[in-house]
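Colleague: I have a structure I would like to understand better, so I am pasting it below and will then ask my questions one at a time.
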């Protein structure tokens, strides 16, 4: 894979670029343009999910860049995720087939269980107006994983992993799997450092990927706590470190992850920000500055902390 920027070799043996483009919460046109801009900029890792409703847009953008000769399929690392209503093992292949059809691809590089919290087949937990407990599915995520593993043997997913899992859930999964999870994608930033989870994943050769690395400034209101929250990119320590390096606060926050050995997938649809988010390869943070950022930990979760808290496999 010709990749720009640092990479990591996953437990599956596959190589993954540590910096990727996130695509959550954008319009169809925005996603297409953002992915094309990112590929032109040098990104070789694109993150999407069935629940985002934009796999067709991501696939179209990749197809156009392949047609232009900008990239080959093997040059771009594509991640997507299992919708939480397809979590029963007999439904996993159906979800994978739909994602591949929408993406227009023969395989994805990484397929993640989007959450250990699952819902009944055919429901939509994010638009359901009633009590969410009415549509909970308590299917064991171990059974979901057993539905994921055959995708690797079939060549439909080069690597498989999870998202929003805590260390206890990962430990249980590691003790009951054939293919170990290659990646765990979670909310991660200086206000939610999760050092114990970082250490656990490093010890067990599971690559962490950080979402909401900039503090999720554009997330939907449904995911907000309702309380006034500190703005991560305006934190005095972050701003001071940015000034020291002649970088933006966003660039410091992204570099923080790379220097911790963590993958990061900032979302943007603005060409200048897509470029700026990529321009973090020419410096590293000192141990002192990494420690200073680590001291900002508030255990503050910006995304989804209060959603579905009564579910059997609630992971926060």
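Every residue, even glycine, has its Cβ placed from backbone N, Cα and C.
According to TrEMBL, the active site, proton donor annotation covers 52. The feature substrate binding site is assigned by TrEMBL to 114. Per TrEMBL, the feature domain 'NADP-dependent oxidoreductase' maps to 19-297. Summarising the annotation, TrEMBL assigns site 'Lowers pKa of active site Tyr' to 81.
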Colleague: Restricting to the same chain and to sequence separations of six or more, state which residues have a Cβ under 8 Å from that of residue 81 (site 'Lowers pKa of active site Tyr').
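Modeller: The answer is 48, 49, 50, 51, 111, 112, 113, 114, 163.
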Colleague: How many neighbouring Cβ atoms, not counting its own, are there within 10 Å of the Cβ of residue 114 (substrate binding site)?
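Modeller: Neighbour count, Cβ to Cβ under the 10 Å cut-off: 23.
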Colleague: Non-local Cβ contacts of the residue listed as 'active site, proton donor' (under 8 Å, 6 or more apart, same chain)?
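Modeller: For the residue listed as 'active site, proton donor', the qualifying residues are 23, 24, 25.
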Colleague: State the mean pLDDT for the domain 'NADP-dependent oxidoreductase' (19-297).
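Modeller: Mean pLDDT across the domain 'NADP-dependent oxidoreductase' (19-297) comes out at 95.
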